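Below is one structure, written out as structure tokens; the observations come after it.
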Amino acid sequence: MANFDILEDLKWRGAINQETDEEGLRDYLAKHDDLALYCGTDPTGDSLHIGHLIPFMILKRFQLAGYKPVIVIGGGTGSIGDPSGRSTERVLQSEETIKHNEEALTAQMVKLFGTENFRIVNNRDWLGKMNLLEFLRDYGKLFQVNNMLNKEVVASRLKNGISFTEFSYQILQAIDFYILNRDHGVQMQIGGADQWGNITAGIDLIHRLEGADRPAFGLTIPLMLKADGTKFGKSAGGAVWLDPEKTSPYEFYQFWINQDDRDVIKYLKYFTFLKHEEIDALEEKVKTEPWKREAQKRLAEEVTKFVHGEEGLKEAQTVTEALFSGNVKDLTTKQVEIALAKAPSAESGEEKKNLVDFLVDTKIESSKRQAREDVNNGAIYVNGDRIQDTDFEVDPAAAFDGKFVIIRKGKKKYTLVHIKG
């Protein structure tokens, strides 16, 4: 650990937006090996998406460097709602929904961080026990309203209005940092760029209650933008989730492998644990042999393995290779559903049918003449096999549990035909 400068590594990766006291943090790291740091997430949903993943990658880097990560599940703050990054009030969730989301997020975090040298806590455990008078007497007196109004997250909402509930959020997050510092030995908070005001409020509270020399540090990460200026984290189909039931490992892998050459090195620095030398070599490959897309393949491999494990990566690569080569016959029925979930689809009955009629009836071909021409020219594949016989009969029961027939026209145009009884 002494030979690894975590802060210099983060700077090289472009992962630091602001720090509260770099000199003080460096001094602390030089003298102590017990730094504990945290990042929080409110249970507003039952899965993180890749945009949420960014600060947790920083936390993971500290864990790999030997430090102690703590994750705060915001069971308390989540019942109120963080105004950061929003122009409108959040819709409050039911207690049942919040608890379900807490359990799901906890499971995801354990998958990413393991169980060694890692803790998960829930701020419901302290915020839920605090009554109104305690809140006002012990903490409310320490916050100046004029300072709170100047925080960007609040100031940006004043024109259209912000409820007292969301206005109070920064106090609750500050209390989180104070409690973690006092009772759990946590010295540092990590968050997105929009969390700067909340983080500094927590540090101020710690210094007021525990003394100005109490170690407390904050670090925010930059807003992640793509080369075209749009916000990172969305695909054409919406958010890219960590939950494999929401975004399959194949879709997850495809998101990363399809990244722009202009973005791929930045993402390798942010989302992988590859050494500087390997990333530098991949950057050179992007410049000299971009058509090989080696950087994208490495990115997709590393992030998919981190989130979905070796098994998820293997499935993603199996499906990708099958679609690329056209050899789909070895895919399972489940893999077919995943791989062609967004492909054009059609329906057909259970009976055997002449291929030409099948192509026209499912509207894959516009006419029998065109269908015969494409079959004769070798442009039609049925379940991975090239068919050049216009008298060929399609047997829906022949593959994929009788649920599908996969038609490929040309090199990449797939249609998934659902068989209806």
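Cβ atoms here come from the backbone N, Cα and C positions, even for glycine.
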What range among 43-52, 83-92, 363-372, 383-392 does Swiss-Prot record as motif ''HIGH' region'?
43-52
Under Swiss-Prot, the annotation motif ''KMSKS' region' belongs to which of these stretches: 206-210, 231-235, 296-300, 311-315?
231-235
I want to verify one value. Collapsing DSSP to three states, which class is Tyr38 (L-tyrosine binding site)?
strand
Using DSSP, how many residues in the domain 'S4 RNA-binding' (353-419) fall into helix, strand and coil?
22 helix, 22 strand, 23 coil
